[in-house]
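Student: Quick one: the structure is below, and I'll ask about it shortly.
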C-alpha cells in the first residue's frame with residue numbers, strides 16, 4: 001500500500017459510525033520533516049515548525065509556553081502522551097500528532113469531528129505503523 005493510500009483510506013475516511021464526518025487534513029511526515037504523503041488540504045509547514053514538534057516529542061512540554069505552530073496556525077498544546085502523542089486545540093478544532101518509530105502521523109479537525117474521534121483515527125494508524133516497525 002502506498003503512503004498516500006494510508007492518508008486517503010485510513011486518515012481522511014469517514015469517522016466510524018458518523019458518515020460524512022472526516023478530518024479536515026492529514027499527513028504522514030518523516031522524523032526529518034520530509035512529507036511521505038498528505039491530503040490536499042494539509043498546510044504548507046516551515047522546517048522550524050517541524051523541528052519544534054520533534055523537540056517536543058524528545059523534551060515533553062517544550063511547546064507548552066509558546067504553542068504548537070503548523071502552517072502558520074497556532075494551537076494551544078493540551079494533554080497528550082509524553083514522547084508519543086501531542087494534542088493541540090484551536091477554536092472549535094484541533095490537531096493530533098502520533099509519533100511512530102520513523103514517522104509522525106498528523107490529523108487536523110474541525111467540528112463536528114470531536115477531539116476524541118481525531119485521536120482515535122490518528123492513533124489507530126500510528127499504532128499500526130509502529131507494529132509494522134515503521
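Even glycines carry a Cβ here, placed using N, Cα and C.
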Student: Check each of the ranges 84-100, 101-117, 118-134 against Swiss-Prot and return the one annotated as motif 'Involved in PIP2 interaction'.
Tutor: 84-100
Student: Count the other Cβ atoms sitting within 10 Å of the Cβ of residue 114 (phosphothreonine), across every protein chain shown.
Tutor: 14
Student: Which chain-mates of residue 118 (disulfide bond) that are at least 6 residues away have a CB under 8 A from its CB, listed by sequence?
Tutor: 23, 94, 95, 96, 107, 108, 109
Student: Indicate whether residue 13 (disulfide bond) is helix, strand or coil by DSSP.
Tutor: coil
